[in-house]
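Residues or ranges marked as ATP binding site by TrEMBL: 89, 90, 91, 92, 93, 94, 95, 96, 97, 98, 99. Residues or ranges marked as domain 'GHMP kinase N-terminal' in TrEMBL: 60-142. Annotation source TrEMBL lists domain 'GHMP kinase C-terminal' at 203-280.
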Ligand SMILES: Nc1ncnc2c1ncn2[C@@H]1O[C@H](COP(=O)(O)OP(=O)(O)OP(=O)(O)O)[C@@H](O)[C@H]1O
Ligand SMILES: N[C@@H](CCO)C(=O)O
């Protein structure tokens with residue numbers, strides 16, 4: 001394997017889909033890719049604008065996840081030089097941190113010769129995040145419905161929704177920690193029952209491919225939308241008016257501030273243009289569900305690596 005280097009690719013994700021708070025998540029076709037070589041000390045670097053300013057040594061999240069995962073199985077990792085390429089915007093609600101955690105786990109698994117199962121990786125990753133709705137899609141691809149448990153996280157892979165996605169991405173970052181800080185510590189019993197009923201209908205509608213019903217449920221979340229609306233200017237207006245643009249529905253993507261729209265297959269570009277016209281301060285992009293989760297390959301060295309040695 002001397003002339004090959006390890007490459008790990010991990011998709012982005014959109015957690016919650018509205019009412020499926022901390023449980024439902026969809027893989028999205030934006031990707032973090034790592035190119036890894038053994039080295040004398042740990043080093044992370046990237047030319048991707050999306051990743052500028054990240055720590056380049058042991059403070060890097062990929063390193064922290066890799067080392068913690070290896071330690072869980074009493075494996076010691078040798079240092080690596082890691083090049084990162086990404087088109088997942090940081091702290092925008094598209095699971096950048098989960099992609100980094102899964103990348104770290106895959107790095108440790110391969111470089112440490114651990115070869116653990118997906119279930120073991122999932123248990124560790126959801127324990128790290130405290131919920132499976134971002135790490136699940138990044139690991140498995142497609143749509144994931146999960147319930148976190150310290151002993152066991154139960155996860156169902158529910159296929160790949162046959163819809164287009166439109167992402168409304170604001171300019172500002174919103175850290176998950178901050179967006180979770182806006183949530184109440186308790187919900188009235190009746191509100192929780194209503195919220196869970198809406199989430200049940202959302203999942204049933206997705207499984208039955210009733211996208212109109214799924215879209216209707218997405219906007220009806222009571223677990224987090226109402227508490228995060230102040231942090232995301234335009235959220236309430238976009239959720240209530242999204243159907244006039246031809247979308248099925250919309251929800252805050254993860255902890256925000258991106259807004260994710262479910263759109264009829266083939267209509268993504270049209271809906272994107274219509275939303276962009278009315279919301280010039282957002283970057284509006286089309287996307288698709290990512291069918292596959294993280295993947296690990298060995299690839300040929302790029303020319304600059306061999307020429308610099
Ligand atoms: N490739 C990466 N390498 C190292 N650290 C990263 C990487 N990607 C993300 N991070 C870290 O994760 C932070 C963002 O995580 P955060 O959970 O706040 O948002 P998110 O994961 O993008 O969105 P959400 O969890 O709402 O889907 C970044 O500020 C950075 O510290
Ligand atoms: N379910 C999580 C996803 C972001 O990590 C939240 O909304 O806070």
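The backbone N, Cα and C atoms fix where each Cβ goes, glycine too.
Any TrEMBL annotation is an automated prediction that lacks curation.
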> For the ATP site given as 89, 90, 91, 92, 93, 94, 95, 96, 97, 98, 99, which other residues of the same chain have their Cβ within 8 Å of the site's Cβ centre?
Replying inline: 12, 88, 254
> Would you list the DSSP helix, strand and coil counts for the residues of the domain 'GHMP kinase C-terminal' (203-280)?
Replying inline: 42 helix, 9 strand, 27 coil
> What residues, ordered by sequence, lie under 8 A Cβ-to-Cβ from residue 95 (ATP binding site) and sit at least six positions away in the same chain?
Replying inline: 12, 13, 14, 15, 25, 28, 88, 134, 137, 138, 254
>> I want to verify one value. Collapsing DSSP to three states, which class is residue 97 (ATP binding site)?
In response: helix
>> At a 10 Å cut-off from the C-beta of residue 93 (ATP binding site), count the other C-beta atoms across all protein chains.
In response: 31
> Which one, from the binding-site residues 97, 99, has the smallest tally of other C-beta atoms lying within 10 Å of its C-beta?
Replying inline: 97
> If you draw a 10 Å sphere around the Cβ of residue 89 (ATP binding site), how many other Cβ atoms fall inside it, taking every protein chain shown into account?
Replying inline: 21
> How many other Cβ atoms are found within 10 Å of the Cβ atom of residue 91 (ATP binding site), counting all protein chains shown?
Replying inline: 20
